[in-house]
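Report on one structure; see the data block that follows.
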Amino acid sequence: MRLPVIFLMMTVAIDAMGIGLIIPVMPDLIQEVSGGGLSTAALWGGVLATIFAVMQFLCAPFLGHLSDIYGRRPVLLITLAVVVVDYMVMGLAGTLALLVIARALGGAATATQSTASAAMADLHPPDQRAHGFGLIGAAFGLGFVIGPLFGGLLAELGTRAPFWAAAGLCALNWLLGLLVFPETVTEKTRAFSLSRANPFGAFYALSKLPGLTQSLLTIFLYHLSFAVYPLVWAYFGTARFGWTPGLIGVSLGVFGVSMAVVQAGLIRLLIRRMGEAGTALFGLIFLAIAFTATAFVPTGAIALALIPLAALGGTFGPAVSAMLSQRIGAKRQGELQGVLSATAAVAMIVAPLLMTTTFAWFTAPERAAPFAGAPFVLALGLTLIALALFLTRPDRAATS
């Protein structure tokens, strides 16, 4: 495997590790700086997550457009440096205002993933891009498995230790990129365009491609439904099966490993057999099956066994990204990946309220028959709409 590809995978893995490292200590840190209790920490945690997603939505197309003009290398190195500053500010923060600033910086710098995806597209011919995007997904999955584990261990050293560890990892990755990552954009592109550098202008410019608006809506619904796992899974396991934090951690580890196996290896085999469109359809079908089974699962052991089905659903993302990438010229790969990242960000702005409110309403103490699986039924409905949109997209004949 080439060094640039390894660097891109490490970038995404470390990005995911950084997120996972700080998850175990965020409630304690917020309580520490706010002086409030756990409910206050949960409220501010939601505010910080929303700020992060909003900044990602606003900045990902801008930085993706810049990477088309000035290259992937400078944009990646700059955003990695900003991420280092983000973690350092959080490690030093003594007020909620500083945490807000840090999360805004972190959201603005999430172009690491969209730019890494664009660079991966640069490094692979069109018929191999789905495999490259799968490697990105696998790296994220592995990073997300390792991050919380080390975050919990580092928390023993204090609430600030995981932030400094995350900053150190990102700094080392920045140094590696400086030494080994070449520029992957080989063609000169157009001049800077403000209309393409903001999310609304970028969406409009790309929407002129036949069927792209419908594809983006399908991707939005996919991310919105898939968010049920990170947002509700822990509460679902606790309410339905009485899972302990340790068992929840194990289940998340199984999920991360399953995603890594599917996206690093299996997706390549699926695309050889079924093509990108067939693989994307495969992913949506298995995701619908996973949501249906999980919503009504009778035991915790079966719930754990269903995790690989959800991981199979994760084949949709890389496959549909590859489909769209093949329809966009080499000069606009960064713009496309920025729009895809912004689409995911919009889903993550909406998903917390949608999924957690559904769970809270159906499991409230006054419910005669609480139903913890309700968010998965909602996710199933969203997936079925996505499936219908995917099957009726205008460009279906060209991508079948």
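Note that Cβ sites are derived from N, Cα and C of the backbone, with glycine treated the same way.
Owing to the predicted nature of the structure, the values given are computational and were not obtained by experimental measurement.
Sequence annotations record features per position, and here TrEMBL assigns domain 'Major facilitator superfamily (MFS) profile' to 4-398. Positions annotated as transmembrane segment by TrEMBL: 7-26, 41-63, 75-94, 133-155, 216-236, 248-271, 278-296, 302-324, 336-362, 368-391.
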Kindly say whether the transmembrane segment (278-296) and the transmembrane segment (133-155) touch, using the definition of 3 or more Cβ pairs under 8 Å where each pair is 6 or more positions apart.
no
Proximity of the transmembrane segment (133-155) to the transmembrane segment (302-324), 3+ C-beta pairs under 8 angstroms:
yes
Within-chain partners of the transmembrane segment (75-94) [C-beta distance under 8 Å, separation at least 6 from its ends]:
11, 15, 18, 22, 29, 33, 63, 66-67, 101-103, 105-106, 108-112, 115-116, 119, 160, 163-164, 166-167, 170-171, 173-174, 177-178, 181, 334
Stretch among 216-236, 302-324, 336-362, 368-391 sharing the most Cβ pairs under 8 Å with the transmembrane segment (248-271):
302-324
For the transmembrane segment (336-362), which stretch among 41-63, 216-236, 302-324, 368-391 has the most Cβ pairs under 8 A?
216-236
Per Cβ pairs under 8 Å, the stretch of 41-63, 216-236, 302-324 packing most closely against the transmembrane segment (368-391):
216-236
